[in-house]
């Protein structure tokens, strides 16, 4: 029976070897066919590439000759008539001047308009009032523009910006200069992409189109509005004592930040829980138990009695 089992094993091994060798031969045949096809494709591509290179060389020669003729003709014309050069220079100046036109042009409101609809100084508004103003149109059917400051009362940077922004409201009394408390009106932060305060946005047709990103001075704020809206303001206005009072306050308020307290407690509790689950907790407990507490208590009592 043992010899019979050995024979069956040898026969099975021979069958496996034959099967593996047949698979190897088929794989070699397939790879050989693929290589032959690749060689044919390479030959065809090389032939077509050579033909394309020849065509491109002929085309480049013709194009070079035509460019040479055009350049020669232009040089002859320029040498014969100098006034044409002056005309081209004037045309270039007109093009450069045309690019200085503001992209989001908005004609300012008239001073006769009512103060409740469009306030003539910095106005602190809520979400409903802001959406109403930036989506409104003036009496001549031009797109509405507005400058909006997102601030918080406890932010020191918002307080530092307050006097200059209050003065900007008097510079452009023909344009809505608004301010929104980003802490109270937090729904607007996600809607308009406000991630930090203070943030100044220019609105056109109800959409934020530009963000103020420059040094915070009154002159920079003036040029930001003028260059991007085309509205001329009263540039004789300077920062006064009234601008340090309001409407946007220039001193940060001290309030209890409950979100900060809650987040700090959560981090402490989570850290303690993770420490209790780690191996460092066992190491610390062993070190605490190794301390000679009795000697420490005796020494403390003696020192207290003395």
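Yeah, the Cβs are placed from backbone N, Cα and C, and that goes for glycine too.
Just so you know, TrEMBL annotations never went through curation; they're auto-generated.
DSSP places the residues of the domain 'Thioredoxin' (112-230) in helix, strand and coil in these numbers: 42 helix, 25 strand, 52 coil. Positions annotated as domain 'Thioredoxin' by TrEMBL: 112-230.
Annotated signal peptide per TrEMBL: 1-24, in sequence order.
Annotated transmembrane segment per TrEMBL: 258-276, in sequence order.
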Across the domain 'Thioredoxin' (112-230), average pLDDT on the 0 to 100 scale: 85
